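Worksheet: one structure, shown below.
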């Protein structure tokens, strides 16, 4: 028993040391550049292939081949990625969305390129760099940990790295060469990736897909370390590796055996799932970048051309027609990404899980019920599983959400699709009368047309506008009354249903369930394809499906992945080219302020006693710093209340506590005598508390009228007439109402935002520096509007630095100093 424990511990340390190298490289790269390199596994795979090429194909001795691979090829690839891909992105503002897409693009490009060069088949002759017991690997890990610690703590370069981590822009202003720091980080990260690849390759199958996914699984150790602690990442990797090896000795009897064995063989996957779904999220807030251009209206001719092209395969025969059967099914799967990512702005790398589950449930159920009924039931069963990614999306954004959705995909692949208990003996047949490829393709086209119509209708309807608002500016959407948490869940549930429908059709069309068709690596490829061809364009999904299927069927495997990866890099490197495809002609100038008339906004039926918004003893601290120290404030109806004070006095923080975007540590916020302290922002909007933002929060992809309509649809009173009244009040009733908000002047956007707030017929209006960016005429017009609103009985609170405006409109002025009013 002791010998078995020792042997299993050694085996676990072998795997754990490789995982430790991955964790170390990811942490160092992230600390030096701010980028979580999702392509780490692809770099590991390429380096393993390079070493094999040198040793097996070109017959180099192992030592010089390893030196060239690890000391030249791997760091060189890292520096190349920094110079050609990620450094230009940092110069463009280091947009987290573009960085994430570029990282996925690098992954897909390297995987596709490896499949093109070395073929998609597995290789079992990868040379072993280290043989025998893992002490050599552990010594390398320990030496690298010591090196990183020493450099970071005791050298000037380490100080520069710490400065870049704290504030990259400030470090650059201080004379630090941030590009050099980033290049060193990328070189070291690529070196550890290469070392991981050459160490793992002899023990696992070396193919373009398996090894990258294996390395992706051990991202868990970097997440556990919060992307900052090298020692924590290494310790977690070794601990999980040993625990995974020890679990292999468990052999329970009965139904639990397959599950226990699956967990024992995939403990890193369990760690990734727990780290991504349970631990606090890491990374930036935004998932996809906020829209800066107007949405594209697809001309009818484009729909006609697409329809004709999709009808062409009906004239095919044989293998060409059989291959074409995959396109409509895959297009439906990719439409799920249009809903979740394109319209909802939520990144999802886990759609392969829902597509595969749709196929699996269809196969299981078709053994008992007719195939079409089985497909419908599968969709209904998978749709609620969208909660697996929808729930994490409520509190996670950007990188954290990407990891959560990827973790769901990896776990589903490992614990369901790869397990014999789920797929053994599973066969899929087509419905009666649809055995012929042409007949089946016709039914697929009909279902694809229905899905396209549903997605197009979703884009035009109330829910579609709310999704676009959430994507364009989440906080602005909440302020407009959009129930963002529920809407995220709706988006993921609809996405899961579409993916399940497409997955079921895909497997029925091929008459088999292929786990490889729903591999997580394909999820990255699908996401990149949809983003490249237009995430918010319903026709982008069919185009992406045709490209993916057509390229791989008509050429050598890997061409589609390489092409999509290259396009994803170009979109990130040259975003202007992508925006040109979705930019409308420049809008005509808005009428001058003097030419606009201000109309009265008829109030909605008001209660007998208008509610009063008040703060009672509100306190809020950040660590040891007290921002609000027991603030009391009342915003009475029929008056304009102004809040002034210097920067850092706590005005904006109090404003956020009143709006619901921040929750105080102590005290309470009341509205009409009811405690609303724990109510979220969108719920307060529906009570009748509307707000605007210091930084304009309009929805650029929507027109002016659509922006205002969201306020009317989501506010306290849902009155369609309020849209027209708000547009007239703010002087937006002319031709400007049909213009996209993107690119309009600041003054016009301020009026759009205020009109949206008023369209919900609020009792109380909170304005955060509403005159910022306005000229004298526009500020004067704003003052007239606010005085008119107060005269009609509305409570108005203004946080403003323009003291002339405050003197002109305010009935009561409160001064804040050091978190107190007085």
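Cβ from N, Cα, C; glycine included.
Quick look at what TrEMBL lists:
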type	residues	note
DOMAIN	613-821	domain 'ABC transporter'
TRANSMEM	6-28	transmembrane segment
TRANSMEM	35-56	transmembrane segment
TRANSMEM	62-85	transmembrane segment
TRANSMEM	97-118	transmembrane segment
TRANSMEM	184-203	transmembrane segment
TRANSMEM	209-225	transmembrane segment
TRANSMEM	259-282	transmembrane segment
TRANSMEM	294-317	transmembrane segment
TRANSMEM	323-340	transmembrane segment
TRANSMEM	347-366	transmembrane segment
TRANSMEM	372-388	transmembrane segment
TRANSMEM	439-458	transmembrane segment
Restricting to the same chain and to residues at least six past its boundaries, which positions have a Cβ under 8 Å from a Cβ of the transmembrane segment (259-282)?
19, 36, 217-221, 223-224, 226-227, 236, 240, 243-244, 247-248, 250-252, 392, 395-397, 399-401, 403-404, 406-408, 410-411, 414-415, 419
Leading contact stretch, 6-28, 62-85, 347-366, 439-458 vs the transmembrane segment (184-203) - CB distance under 8 Å:
62-85
Decide whether the stretches the transmembrane segment (209-225) and the transmembrane segment (35-56) have at least 3 CB pairs under 8 angstroms, with pairs required to be 6 or more apart in sequence.
yes
If you count every Cβ pair below 8 Å, which range out of 6-28, 35-56, 97-118, 323-340, 439-458 shares the most with the transmembrane segment (347-366)?
323-340
Short question: which residues 6 or more past the ends of the transmembrane segment (439-458) have a Cβ under 8 Å from it?
310-311, 313-314, 321, 324-325, 328-329, 331-332, 335, 338-339, 343, 430-431, 433, 464, 467, 494, 498, 501, 505, 508-509, 538-539, 542
